[in-house]
Amino acid sequence: MERTYVMVKPDGVQRCLVGEIVSRIEKKGLKIAALRMNVMTEAAAKEHYKEHSERPFFGSLVSFVTSGPSVSMVIEGNNAIKIMRAINGATNPVDALPGTIRGDLAVDMGRNVVHASDAPESAEREIGLHFEESEISGYPRADDEWLYE
């Protein structure tokens with residue numbers, strides 16, 4: 001079972017979109033193996049987005065993700081990374097298709113509601129940054145036999 005990291009960013013929390021986003025994830029057959037709401041520290045935000053540290057928007061990105069509570073999740077499922085990227089839609093909401101989280105719920109690139117890991121390596125790194133292994137609960141869903149061959 002593949003794991004990925006997903007975060008509902010502070011704009012999604014403030015706009016009361018957490019339930020909508022969790023519902024979309026679960027309806028797609030993915031499992032929520034861990035979930036936490038907290039305000040990300042500046043150190044954690046800088047580590048999380050370190051690949052963008054030389055970009056001009058880095059400071060505002062760190063300020064934004066530390067500006068209020070966010071919801072961090074570990075999501076499990078077959079092809080979880082690829083599926084979550086598809087559910088989220090394009091990073092820029094203007095380019096995101098209707099039916100995706102960003103296409104339906106986000107309006108601005110800087111406030112695009114949700115983050116998901118883009119590769120197995122980043123998923124492992126991001127999960128490890130935000131969760132201890134003991135906090136992650138793998139479990140069989142009652143509908144697994146109807147979802148997977």
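Every residue number used here counts from 1 along the chain in the order it is shown.
A Cβ is built for glycine as well, from the same backbone N, Cα and C atoms used for every other residue.
Cross-referencing ASN78, ASN112 with the ATP binding residues that Swiss-Prot gives (LYS9, PHE57, ARG85, THR91, ARG102) picks out ASN112. For the binding-site residues LYS9, PHE57, THR91, a Cα to Cα distance of within 10 angstroms from HIS115 (active site, pros-phosphohistidine intermediate) holds for LYS9, THR91.
Summarising the environment of ARG102 (ATP binding site), the number of other Cβ atoms within 10 Å of its Cβ, over all protein chains shown, is 22.
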